[in-house]
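Novice: Mind looking over this structure? Questions follow.
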Amino acid sequence: MDKFWWHAAWGLCLLPLSLAQQQIDLNITCRYAGVFHVEKNGRYSISRTEAADLCQAFNSTLPTMDQMVMALSKGFETCRYGFIEGHVVIPRIQPNAICAANHTGVYILTSNTSHYDTYCFNASAPLEEDCTSVTDLPNSFEGPVTITIVNRDGTRYSKKGEYRTHQEDIDASNTTDDDVSSGSSSEKSTSGGYVFHTYLPTIHSTADQDDPYFIGSTMATTRSGGKDGRRGGGLPKDATTSLEGYTTHYPETMENGTLTPVTPAKTGVFGETEVTVAEDSNFNVDGSLPGDQDSSMDPRGNSLTVTDGSKLTGHSSGNQDSGANTTSRPGRKPQIPEWLIVLASLLALALILAVCIAVNSRRRCGQKKKLVINSGNGKVEDRKPSELNGEASKSQEMVHLVNKEPSETPDQFMTADETRNLQNVDMKIGV
């Protein structure tokens, strides 16, 4: 009987988990140039493999960077990280402190976490904004899961089925990631990101000279578990480009480039290192860095040069000497310890007290005192006031001690004493 109740308790505990696995809510947005955003169960809970399966179920694919840029130009923006082809991004038009760290453009996140939302691209959607309700998941197959599509206008459409083809995604459907907005203090980023802009045509890939790209890095932080991959692109001779903690040197002889590790400056401020990009893009350098895929790859497969903590703006700042672009690290301001501040405050207080004591002592020492000689009996305080008033003129004398130098010689003193003695004798005889 005890076993029965034990199993029943376990069953009740696992029931909410099984129900959660049998229900999936998919919140989708309007389509902009075919691109739309999908959020699962109100939190970041989609893996990269599940993102591809989910877009496939909507008869769509993961969008490329070109398609995201096109959707951005049509007015598409969100405040949620989502997968695209090769990246995790947020499209932003208006700057917001809690969205993409207040940046605009297609903000590319570099992170070591694995669950986000996803973006999908439907090639058959209109080129402009399309907010018609989605009522079906056409490419889903049979399954026990109740899938509910929640449109932007609030309409809901449900069907039973399944779209996940990877068992690890099905088993990990109970994984809960924090639902956070980008740019907040709890952002799921450990290494920062950079923004993909399209309005400064400064870098041209060698395979297609008609599509300009501009990649501006926004945070120079240490990548942990990031993806470095291959870098390349048209660069001039005698140039140096900083690549995610490496420096690629291109000598004047235009031979193979070399990679030299460099240490990024952790100053807490956003620095800018600008690199010159020449018109001649016949010189191609393709270096291999650790990792499987670079977050700076062009969507068409062409390599673009990304500098972490810098912007490629078409002109150079810094000294180029012997084929190297040197940038100086900003000096750090020393911080005053708290104990030193407390000690200085105590010393100042002690100095103020010492000055006050010295001033008070000087006042006391400078006071004048009078010496009163009373010829009456008893103390002055014990006598009556009438007696004191009547005898004040008679009995009180001011005694002045005057130090006078003797002006007479010893012989004169002796003569004066003898004269006095004779006078005293005469007075006694007379009496």
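Each residue, glycine too, has its Cβ placed from N, Cα and C.
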Novice: In Swiss-Prot, CYS30 is paired in a disulfide bond with which of CYS131, CYS356, CYS365?
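Specialist: Candidates were CYS131, CYS356, CYS365; Swiss-Prot matches CYS30 with CYS131.
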Novice: Check for me: which candidate out of CYS99, CYS120, CYS356 does Swiss-Prot give as the disulfide partner of CYS55?
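Specialist: Disulfide mapping in Swiss-Prot sends CYS55 to CYS120.
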Novice: According to Swiss-Prot, the disulfide involving CYS99 connects it to which residue among CYS13, CYS79?
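Specialist: Here Swiss-Prot pairs CYS99 with CYS79 via a disulfide bond.
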Novice: Hey, what's the widest CA-to-CA gap across ARG43, ARG80, TYR81, TYR107, the hyaluronan contacts in the record, in Å?
Specialist: 20
Novice: Helix, strand or coil for CYS131 (disulfide bond)? Use DSSP.
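Specialist: In the DSSP reduction, CYS131 (disulfide bond) maps to coil.
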Novice: Between CYS30, CYS55, CYS79, CYS120, CYS131, which of the disulfide-bonded residues has its C-beta surrounded by the fewest other C-beta atoms within 10 Å?
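Specialist: Fewest other Cβ atoms within 10 Å, among the disulfide-bonded residues CYS30, CYS55, CYS79, CYS120, CYS131, is found for CYS131.
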Novice: With a 10 Å radius around each C-beta, find which of these binding-site residues (ARG43, ARG80) has the fewest other C-beta atoms nearby.
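Specialist: Sparsest of the binding-site residues ARG43, ARG80 by Cβ contacts within 10 Å: ARG43.
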Novice: If one measures from the C-alpha of ASN102 (N-linked glycosylation site) to the C-alpha of CYS120 (disulfide bond), what distance in angstrom results, rounded to a whole number?
Specialist: 24
Novice: Counting distance between Cα atoms, which of the recorded positions ARG43, ASN59, CYS99, CYS131 is nearest ASN122 (N-linked glycosylation site)?
Specialist: ASN59
Novice: Of all the binding-site residues given, namely ARG43, ARG80, TYR81, TYR107, which is spatially nearest to CYS131 (disulfide bond) at the Cα level?
Specialist: ARG80
